[in-house]
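According to TrEMBL, the protein has these features:
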type	residues	note
COMPBIAS	1049-1067	compositional bias 'Low complexity'
DOMAIN	34-92	domain 'CTLH'
REGION	1044-1067	region 'Disordered'
REPEAT	398-441	repeat 'WD'
REPEAT	542-573	repeat 'WD'
REPEAT	861-902	repeat 'WD'
Amino acid sequence: MTSLSRELVFLILQFLDEEKFKETVHKLEQESGFLFNMKYFEEKALAGEWDEIEKYLSGFIKVDDNRYSMKTFFEIRKQKYLEALDRENEQLSKYGDTKSARNIMLVELKKLIEANPLFRDKLAFPSLKASRLRTLINQSLNWQHQLCKNPRPNPDIKTLFTDHTCSPSNGARAPTPVNLPVTAVAKPPSYVPLGVHAGPFQPAPTAANVNALAGWMVNPNPSSSIQPPALVASSMPGPPHQVPVLKHPRGPSNTLGMMDYQNADPEQLMKRLRSSIDEVTYPAPSQQAPSWSPDELPRTVVCTLYQGSTVTSMDFHPSLHSLLAVGCGNGDMSLWEAGLRERLISKPFKIKDISACSVFFQAAIVKDASISVTRVSWSPDGNHLGMGCFHKTFDSFIDAHAGGVNDLAFSYPNKQLCIVTCGDDKLIKVWDLNGRKLFHFEGHEAPVYSVCPHQKENIQFIFSTSLDGKIKAWLYDNMGSRVDYDAPGQWCTTILYSADGTRLFSCGTSKEGDSFLVEWNESEGALKRTYSGFRKKSNGVVQFDTTKNRILAVGEDNQIKFWDVDNINMLTSIDADGGLPSLPRLRFSKEGNLLAVTTADGGVKILADTDGMKYLRSIEARSYEASKPQVETKVPGSSMIANINQHINKVERVDRSSPAAPLPIPNGVDSVARSLEKQISLDDIANKSKTSDLTEIVDPVHCRVVTLPETADPTNKVVRLLYTNSGTGLLALGAKGIQKLWKWSRNDQNPTGKATTTVVPQHWQPSSGLLMTNDVPDNSEEPVPCIALSKNDSYVMSACGGKISLFNMMTFKVMATFMAPPPSSTFLVFHPQDNNIIAIGMEDASIHFYNVRVDEVKHKLRGHQKRITGLAFSTHLNILVSSSADAQLCFWRIDTWDKKKTLPIQLPAGKAPVGDTRVYFHSDQVHLLVCHESQLALYDASKMELIRQWLPQESSTSISSATYSCNSQLVYAAFTDGNIGVFDADSLRLRCRIASSAYQSSSNSQNIYPFVIAAHPQEPNQFAIGMSDGSIKVIEPNGRWGVSASVDNRTTSPSITNNSNSEQLQR
């Protein structure tokens, strides 16, 4: 096939993709053999459609082409065979994790395909402008029209099957043919959206930077034959939602004299809103790689806020970026401080003055007082919180609409803060903050679903959408809609502008369940791009949000899906560690570094990027230095705005007995003058000082504890303890070399299936009854146990003085053994960038890097004098930190394996440099926690310098184990006297002491202490301890550590009192 014919195939592929002929696209890819769609291949592989995969591959390769092709087909048929085997076969009955197996196979297949020379130049779509085929046809039509002997100003093109010619009208004699120069024809834009025009031919499109309504309010008389002299031919029919605007603009009245444009003549107004000389350029095609990295998105779950009822709406405060308003299906409204994980206010809906409501509403609310919040929204200045509700009988909790209030938003017409509402009565209304109605817009023929007020230049307007799929635009003049368009899907649609107000997006779902996310070209009122990546059918309406002028996010298919606004292909998707509903609601903070998403069990997860995590940490750090606030929320007189109690003297919490925590003051600037007012009293400060320094927990009622079954064995103390990465299980290694696994099940009591203290887990074993037993040498020396878990929880690697064993976590079978002593291994960790490489600390003070796949030690590092006791990687700094039994730290480059520095930890006077030293990186990959029996210390790994350290006040006790919480805001430390300390991770200030009496009975506590401690991978306030008697306990607070319920102010144990003499080094 010639080069031009090949390019034509690509143009057809692009056209088919834009028209959503998905199956046809893949069929043409296969039959032409020009483009291998890796994404389509991945989808089919993960779905297990092996026949379809082989059929698709057959268009590109054959089994006997080369060794890569042969291996590709072999891997596919092997997987197909394994999945088809009879599950009654005892040896294969444990093959149950199909999803993981397919993922592993897919990684190998992708490598084979990329290495296969037959796929060269077939894995990437060429760089094309969007809708290139349409553009070429338009150019051809323009040229044909130029050559017409009798060119009409308003030509009529009805077919592409024959060349276009303009025939003489009314029998008039054709004028002498004129050969027009090419320059006489208007240059077409890079893409003219065919089908969006006022006549058979489209006038030159309006400028992209004119007012938003300019293109939507096109020629007020579409039947007019008067056209601009420069024409761009367009005859191909477009999608049904791309239709000409038929509404006529009407002259506004001067009801409130809003802005200078309201007194303008309608024709003058239209001239301002319309341009016919500039071109609209469109961005590069969707096939280009996104300019955003997934790492820049708020993807890390930092906390879960348990609301206790289905969350229906959320909104972050515009200046206090971690303050989240939440509305619920039961009518409750809550304010959460995400940085403190605390609910500051929780109020049911309350009507201030029911006598002011209509008698119909009063009767309905008496009959059925159930209320559901449909929308919560902060005003732009943060002083007001609007709340729209739905009443099950009367469909409204206010007299704003005769039916449910479906949406509300704040706007600033005439520099006056107003509230725009819409409802089931098909109306849009604008109110001032005193509840006085200013405008009343009618024209929708179905309930109004959403509103979007906006301003461009001096013109303010409102977009609205209704349940019949209509989009209308209104000026503040009570003169009717200026726009009447069909939204994609023609059902529930929401409209949002980008943060800078320059780009317009909509997202909605059709009655058939098809979802649409699109960007509009404001200057033309046409679709600019349609984003792909949705599943075929949704049982409900998808929700979306946008941030940073670059990112779109949609909740669908139990996931959060992200797009770069300039790329129609999905950037990435995450499941936020699971537990999301089918169609989760989501909301970005105004800075875009936090993302709230609803959970299936009536909660909200807060996700953050790196900046967001730093922001939340700064709030939590400040919360223990500030005093309790008094919060006053300004509420207008009208019941349209949620009554959140105008004078709240104390901050209300989930746990009423918890000490008060302040709202943050971001960047050191007190923004409460324009948001929430705070009043601080001397009594508050005095009360705060009594409890914020240290919280004592000595009674079991002040925390929640669950003891794992089948654990107590005084001869087999727990020496290593890990949570599974999924957070659903605990893995323990005993001194006898036996590993045990406990799992939490998903049920009504525990809908997430995560580790919790409310449900006792099950000691899990395969039906074969196998145990994960390590090789323990029979000698007098006590072996050093070590353990590491793979990222996908599929394999665990451990040793206890003998060979290293690799176990399958589903069958408990030993997959491999390696590295027989001597020397024996003392510490294990998977390489963060390659799960096949294991870093192994050795008894002889060396560090080995073992490649499991090739069964070979690739590198050996030497620099310590005694056995290795800790290893920690920082991919951000490109370093490995190792620690040894002589209290030495070594810093190594992981690209060259050169040693950068050796650093002894600073021991107390008279303390010998012996004992295990453990190292843990903070989530920022810069700060390093060092745990020694004598101290906790923080280091700046980028500078390889000590920042601060904490020493026990008494020498009679020592630290047995320590670790970071999952969000790196806390440090949990266990002590040999049975106490557990909870420290602030940044300052190493002791927040909370948990006495042994709080988690074990006094009769069993003698000489029993927590030997090892582990933090839950997703819940920052949960940890587990492995005891010296072999028992394992999971512990959680009744709230948060450091601000727990019923604080006991008894005398603090001297072992972990805040040491005023602790050394702190400021560099």
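Keep in mind that glycine also has a Cβ here, set from the backbone N, Cα and C atoms.
All TrEMBL annotations are machine predictions without curation.
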Exercise. Could you tell me how many residues in the domain 'CTLH' (34-92) are helical, how many are strand and how many are coil under DSSP?
Key: 38 helix, 0 strand, 21 coil
Quiz item: Which residues of the same chain, at least 6 past either end of the repeat 'WD' (861-902), have a Cβ under 8 Å from a Cβ in it?
Solution: 784, 826-827, 829, 831-833, 839, 841-847, 849, 913-921, 924-926, 928, 930, 932, 939, 941-942, 944
Self-check item: DSSP-derived helix, strand and coil totals, residue by residue, for the repeat 'WD' (861-902)
Solution: 0 helix, 25 strand, 17 coil
Quiz item: Along the domain 'CTLH' (34-92), what average pLDDT does this model show?
Solution: 84
Quiz prompt | the repeat 'WD' (398-441): DSSP-derived helix, strand, coil residue counts | solution = 3 helix, 24 strand, 17 coil
